[in-house]
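What TrEMBL lists as active site, nucleophile is Cys371. Annotated S-adenosyl-L-methionine binding site per TrEMBL: Asp267, Asp297, Asp318, in sequence order. Taken from TrEMBL, the feature domain 'SAM-dependent MTase RsmB/NOP-type' applies to 154-437.
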Amino acid sequence: MIPAARLAALIELLDGVQGAALPADRVAQRYFRERRFIGSKDRNWIGDALFAVGRDLGRLRWRLDRLGRAPDGRALVLAQRHAEGDERSLLESQFSGERYTPAALDADDRALLDGLDGLTGPAAEAMPGWARDNYPDWMEAPLRARFGADLGQAMAAYGERAPLGLRVNLLKASREKAAAALAEEGIETTPMARSPLGLVAGRAALGASPAYRRGLVEVQDEASQLCALACAARPGEQVVDFCAGAGGKSLALAAAMANKGQIHAFDIDARALGELKKRADRAGIRNLQTRRIAAEDDRSGEPLPADLAGRADLVLVDAPCSGSGTWRRNPFARWQLEAADVERQATRQAALLDRASALVRPGGRLFYAVCSVFPVEGEAVVAAFLAANPDFRPRPLDGDWLAETGLKGSGEDGAALVLLPHVHGTDGFFVAAFERA
Ligand SMILES: C[S@@+](CC[C@H](N)C(=O)[O-])C[C@H]1O[C@@H](n2cnc3c(N)ncnc32)[C@H](O)[C@@H]1O
C-alpha cells in the first residue's frame, strides 16, 4: 500500500471505531478480516497508527473542538499528522483524491490546518488536564480517587501499548520448556516481571503457532495471572468460577489444581462457555464443567445449582465492569463510557457478589475481581458486601506466590490486590479476598 492509501484505511477504520459499540481492537480485527488484501506490514502500520490516535484522543478532540470541527476520522487523522509534524505539502500530496487515497484537501481542511498552526505554543498551554491526559472530563473525580497526584503518570502509562502476555500451562510444560518451544518457532519471549507463569512476547501470530495449538501457553495479561495466583486453588478442591466467560481464569485455576477436584465454570453467556470448553480441551484440562446460569433477573435460563450451595471451597467472581483497567489495549473505550455506566456496573457487581457468596462453604474462600481502577467498583463494593454479610471477613492475601511476585496485599487487612499500569506495568486490576466464618 502507498502511504496515502494507509491513511485512507486509517480514516475509514477510525470512523468505524468511533461509531461502534465494540472495542477498537475487535473493530480493527473485523475490518482487516473483511479486507484480506491488506498485507501484514500495512496491517501493523494501520494498527499502530490507530493506537497512536487513541493515545492522543483527548488532545486531538480538544483542538478540533476549539476549531469547531467534528472529531471524525478525517479530522482526527489530519490533526494527528499535523501534531506529528507532517508538512502541509506532504498532506496536500497524500490527501490528493486519487484512487485509494483520501479525498483531496478542501477549504475546510485547509482552515483546520491553519487553525492547528495557531494552537501550538502558548495556546496549547490552555489545554485542560482531561485533554492532556486523555480522559473524558467527567472522569476526573473517579480517576483521582484512585491515582491522586499520580493521575498524569498513570494516564501516561495507559498510553503505552500492552505487550502480548502469555501464561504457561504447567499441565503441559515448564516456563523454560514453553519458551524454548516458542523460540524454535521464531517467537522470542522474555519472562514476565512478576507472574512466575508468565512470558512476554513481541508481536506474534500465535494462532499459527504449534506450541500454542498444543496448549503450552494461553494469552493472558499479567494482572489476570496474578489474580488467579491470588486465589491459590488447590488440587482436590471444589471451585466455582462464577463469571467464567471464555475462561481465562478458569484455565489458570484448573492448571493450579493439576486436574484434581472440580472447576465449575458459570456464565450467562453460552457462547463464551463454548469457547472455554475448546480452550480447556487444548490445555488438557479434565476437571472442568461449564454451566450456563440465568442472570438474577432472567427466568428463562437455568437457576443457580442448588447442589453447590454452601459447598464450594473457593468461589471467584470476576465480575463484568467498566474495563477501566484495560485502556492500554482499548484506548478508545474510555470515551464510550458514561458516569451512569459505572454506577450501573457497581450495582450489578454488588448483586453478583452477594449471589455467588451463597455457594461458599463455611471456612471457604471468596474472591472478587474487576479489571477496573475505579474505587466505586472495587473498595466500595467490598465495603458494602462486608457490611451486609457479617459471616464473611476479609482474608489477608498469603501464599508463596506473594513473596515470589514481590507484591503486598493492600487495605487495612492486606486482603486486596490493587494492580496499576504505572506501578506494576500490568492492566489495572482489583482483587479482594474474603473468608466465610
Ligand atoms: C470480566 S468477564 C469474565 C472474564 C473471565 N473470567 C476471564 O478470565 O476470561 C465477566 C463475565 O461475566 C459474565 N456475566 C455477566 N453477568 C453475569 C451474571 N449475572 N452471572 C454470571 N455471569 C455474568 C459475562 O458474560 C462475562 O463473561
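First residue shown is number 1, and so on along the chain.
Any Cβ shown, glycine's included, is placed from N, Cα and C.
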In Å, rounded, how far does the Cα of Asp297 (S-adenosyl-L-methionine binding site) sit from the Cα of Cys371 (active site, nucleophile)?
24
Site of maximum Cβ density within 10 Å, from binding-site residues Asp267, Asp297:
Asp267
Roughly how many Å lie between the Cα atoms of Asp267 (S-adenosyl-L-methionine binding site) and Cys371 (active site, nucleophile), rounded to a whole value?
17
Looking only at Asp267, Asp297, Asp318, which the record lists for S-adenosyl-L-methionine, tell me the maximum pairwise CA distance in angstrom.
19
Within 10 Å of the Cβ of the residue listed as 'active site, nucleophile', how many other Cβ atoms can you find? Include all protein chains, please.
24
Cα-Cα, whole number of Å: Cys371 (active site, nucleophile) versus Asp318 (S-adenosyl-L-methionine binding site)?
8
Across the whole of the domain 'SAM-dependent MTase RsmB/NOP-type' (154-437), what does the mean pLDDT come to? Round it, please.
95
